[in-house]
Amino acid sequence: MIDVVGTVKRWWLNLIKHIDFPLLLITLAIMAIGLATVHSATIDGNQRMMSQAGNMGVAMVIMWFVSRLAPQKLMNFAIPLYILGLILLIGVFLFGVKINGAKRWLPLGFTRIQPSEIMKIAMPLMLAWYFHKFEATLKLRHYFGAALLLFVPFALIAKQPDLGTALLVGAAGCYVIFLAGLPWKIIVGLVAAAGAAAPLLWGMMHDYQRKRIMTLIDPTTDPLGAGYHIIQSTIAIGSGGPVGKGYLNGTQTHLEFIPEKHTDFIFAVYSEEWGLMGNALLLFLYTLLIGRGMMIASAASTPFSRLLAGAITLGFFTYAFINMGMVSGILPVVGVPLPFMSYGGTALVTLFLGIGILMSIHTHRMLVKK
Amino acid sequence: MSEFHNPDGDLPRFRFRLGFTAVSVLIAFAILFGRFFWLQVLQHDFYRTRAEDNRIALIPIVPNRGVITDRNGVVLARNYSAFTLEITPSQTVDLETTIDSLAEVIDVQPKDRKRFKRLLDEAKNFESIPIRTRLTDAEVAKFAAQRYRFPGVEVKARLFRQYPLSHIASHAIGYIGRITDRDLKWIEESERQANYKGTDHVGKTGLEQHYEFELHGETGYEEVEIDAGGRAIRSLKRIPPVSGNNLQLTLDAKLQEITEKAFGDRKGALVAIEPSTGGILALVSNPTFDPNMFVDGITPENWRELNEHPSKPMINRAINGAYPPGSTFKPFMALAALEMGKRTPNQSISDPGYFNFGNHQFRDDKKGGHGSVDMYKSIVHSCDTYYYILANDMGIDNISKFMGSLGFGQRSGIDLGKDDSGESKGVLPSQEWKKQRFKKPEQQKWYAGETISIGIGQGYNAYTPIQLAQATAVVANNGVMFRPHLVRNIVDAKTGEKRLVEPEPIRDLHLKQQNVDVIRRAMVGVNKEGTGARAFAGAGYEAAGKTGTAQVFSLKGAEYKANSTKKELRDHALFIAYAPADNPKIALAVLVENGGFGAQSAAPIARMVLDYYLLGKLPAGAAVEDSSAIEADVEE
C-alpha cells in the first residue's frame, strides 16, 4: 500500500522546508493589521482591501520561490541585477517620463517601470557580494570602491528627484558598509564632514524639497499647501488619544482630511482609530521583525549572507522609522510607504523579496556549515 | 594578528556592529514612542479639539452671475435654474457600470457620455461631473425613487447661462464655458481664486470675459457640521453670496437684430457708434454663432464645424478683421490735407483719368477722367487721381501721422475679451512700419511709388471696421475721440444702483471747424448727388457718407467685372456714414466681404440702420443687393 499520509507529509515538509515561521508569523500579523486599516481607509470610496490581499498573495509566492534559492545562487544575481538597475536608471535619466514633476518611470512600450525600486534590493546584494569577495584582503581603498558603487545609483535617483527612494537605497548601502567594518575614525570624520556640508546640500536641493523641510519646522506656514499633510496627520494621531476612536470611527480618516490615507499616510488612519495602544503594538511587532532579522544575520554562515541579512533587516527599520516619523511630524515628508501596511503591490514585492532572502539565508545556513 | 585568515575572525566584529545597530533601532523606536505619547496623551485634548473643528466644513455658495441687457432693457444673457444629474467618480464602485445602469433609468445619449468623458479628463477626482443636464421633473422623480442603487450619483439644482437671443450679438456678448487650466491661471493671477471656489464656469470671450469679475459676484459660504459620512447634518452659519453686477449696454438689440438680418448670409461687419460718447450701438460680425452651445460644453463636432467652416463664424470681424478701407479713406485724406495746409477746398486738379509716376500709370476708375476736380467733387464722385496726387504731395509719414491720430492702426480699446489681445491692430503703413515688418534690407525701404495707392485706401492699408467707425465718429464729433465701449451702466443686482461707465475721451485732435465743415458738406454731397445718392434717395434726414470698394486681388491691368469674377475674389464693399449731418447721433462703418461695389451692397445696410435708429423705421424687406445701383456707382 502506498503511504498516502507519508507522501503528503513529505510533500508538505518539502514545501515549507525553507519557510522561517517566526518571520512569517510576524509579517502576517503586521499585514493583518494593514489589511484592516486599508479597509478602513478606503471604505468610503474605492474599496482596496481585496486588491491588497491579492498583492500580498502574489508577493508571498515570490517570497516562497526566493526562500528556496541558496545564498550562493543569490550571489550570482548580485552583479547582473546591479548593472541592470544601473542601466535602467541611466535610461530614466535619458528617456524617462515625467509624472508630477519627477522623472521616475521608464516607458517600455507596453508598460512602464520604476527602476529605482530594483536598486532597493540590488544595492545591498551588490555590496554584500563586494565585501564578501574582498573580505580576506579588505583595505581602505575597498571602502572607496564601495562608496562609488553606492553613490552613482543614489545620485541618479536623487536627481529624478525621488528623495524617499534615494534615501532608502543609500541607507541600505551604508548599512552594508558599516556592518562590513568601516573604521570608526572614518565614520566620525564623515559625520563631521556631513555636518559641515549641510549648508552646501541645502543649496543643491530642489525648491520643493526645501519647502518640505521648512514646513516640517513650522507646518502652519503653509496650512493649505505642503503643511496640510503634516497638520492633518498630526491631528489624526493626537486626537486618537491613548486608546483610539475605535475601528472605522476615525473622523479625520472618514471625513477625508487625511491625504493619501491608504498609501503613505496609512499610519495616521491606524493611529487615529487605535491610539497609543495600537501604536505600541505596531512598534512591538516591528521590533520583533527586526529582532528576528538580526538573529538571522547574526547566525548566518558567510560574510555575504550576514551582511545581506543585516542590511535588509535594517532596511525594514528604515522604512518603518521614516514613515512613522514623517506621519507624526518629526521627519520630512519623503514618500516612503509603511512596510506591510501601506497599499501598493510594488512595495510589497520588494519587501517580500527581502523576507524571502532572509528565509533563504536562515534555512540554508546548515548546509553551508557542512 | 595571524597569517591565516579565518572567515569567522570577523564575526565578533560583525556581531558587535549588529548589536550597535540594534541599540540604535531601539533608541529610534523609543523616540517614536515618545512622540506618540506626546501627541496622544499629553497633547490629546488639544488635538481632539482640532479634530472636532475639522468636523465643520465650509461649503461655497456660488453667486448668481450678472444679467446682461441692452440699452432698452432687452435681456441678452440671463440665468435659469435646472436639475442636473451628477456623478462623483471617487464615490462610485465602477464608473462604467454605474453609467450603464443609470442609462436604464434615465435617458443617457452617447453625446452625454462623450461630454462626461471629456469633463472627467479635465476634472479632479472628488468633483462631481454632470452626466445629464436639464432633467425634466419626471426624470428627477424617476431617479429619486431608485437613488439607493447609485452611490455617488445625485441630482443637483444648478444655474445655467442662457442667451435668449441666440445668434444675435453673440460676438459682442461672448459666452461662458467650464474653467480650464488657462482660465485658472488668469483667476490666480488676478488673486481671485478664493472667490471662485465652487464656480465652474467663466467668461471665455466678449463681454462675458471682459467683465468677468463684475458679473461673477462674491461667493458665499455655509458652515455646516458634517457627520461621519461627510454629509451635512446642520447648518451653523450662512454668509449669503452677493450676486454679480448686471450690465446695461449701449447696444440696441433691435438695431443689432435688424442689421444682422440685413447681412443675410453675406460675410461682413458693421460697427455703429454714438459719436458724443463712444458708446457702441451695434456691433455686427456676420456670420455669427449660437453662444448657448458653449454653456454645457460644446461637442467636438460642433466645435470643429465652427472653426473649420470657410466663413469663419468664430472670428469677430468687427474688431479682428483687417481690410483695406478703399475709397472710404478719401474723406480722411482730404481732412489731413486741409489740416496740414497741403490743399485748400477750392484748389482744383485736372484729371485725365490716370496719374503717371515713374514708369507706372495709376488709373482712375472712370475712363477719361473727371475733368477739373476740387475737394468737394473728389469726395462726391470718388476721384482717384486727386488722391494719387495728394498722397504723393503729402508723403507717407505725414499721412501715417494724421491717420494714427484718428485711431487707424491702433487697438480701439473696446471692452471686449480679457485684454486687448483679441483685437487686431490693422496696418498703418509708414517708413518705420515697413522697416519693422520686413527682414530683408531691400524690402525694408519705403518707395515713393508705394505712397500713391495709400491715398485711395489701397496698398498696405488694412484697418478693422471698428477703427473705420471710430474715425468716422471722430470727424462727426469735431475731432474729439472717445474710447468705444459697449457697457453703459454697471448695475448692482440687489440695490439697483447704477454705476455709469463714463465716456472716456482719448484725445482731442483740435480740428479747425471750417475744415470739418468742408468734409461734412462733401460727405453729405455723396448721399445727395454722388455715389451714395441712390441708396439714400428719399431719406428723411441728412446723412454724411462715403462709399468704398476694396480690391481683394490685383487685377494686373485687366478690367474688373463684378458678375464674371468668382465670389471669393470679388471686391469688398464698404460704406461709412454719420447722421444727422448737423447733429450726429450715430456714426457707422459697414463692410461686406466680396460685396462688390460699396454703393451696391454696403450703403443699403447703412441706410437701413440709420432709418431705424433715427426714425424708428423698420425695413420692409432684407437689404438685398441693389444691382441697378451698379451703373450709378461706376464713378467710384
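Cβ atoms are placed via backbone N, Cα and C, with glycine included.
Taken from TrEMBL, the feature Zn(2+) binding site covers B:ASP351, B:ASP364, B:HIS370, B:CYS383. In the shown protein chains, 23 other C-beta atoms lie within 10 A of the C-beta of B:ASP364 (Zn(2+) binding site). DSSP gives B:ASP364 (Zn(2+) binding site) a coil state; it is part of no helix or strand.
A mean pLDDT of 83 is what the model gives for the domain 'Penicillin-binding protein dimerisation' (B:61-236). According to TrEMBL, the domain 'Penicillin-binding protein dimerisation' annotation covers B:61-236.
Feature annotation from TrEMBL assigns domain 'Penicillin-binding protein transpeptidase' to B:268-610.
Residues annotated as transmembrane segment in TrEMBL: B:20-38.
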CB within-chain contacts under 8 A for B:ASP351 (Zn(2+) binding site), separation at least 6: B:ASP364, B:GLY369, B:HIS370, B:GLY371, B:SER372, B:VAL373, B:CYS383, B:THR385, B:TYR386
Sorted by sequence, non-B:ASP351, B:ASP364, B:HIS370, B:CYS383 residues with Cβ within 8 Å of centre, Zn(2+): B:GLY353, B:LYS366, B:GLY369, B:GLY371, B:VAL373, B:SER378, B:HIS381, B:ASP384, B:THR385, B:TYR386
Three-state secondary structure, which DSSP defines for B:ASP351 (Zn(2+) binding site): strand
Binding-site residues (B:HIS370, B:CYS383), the one with most neighbouring Cβ atoms at 10 Å: B:CYS383
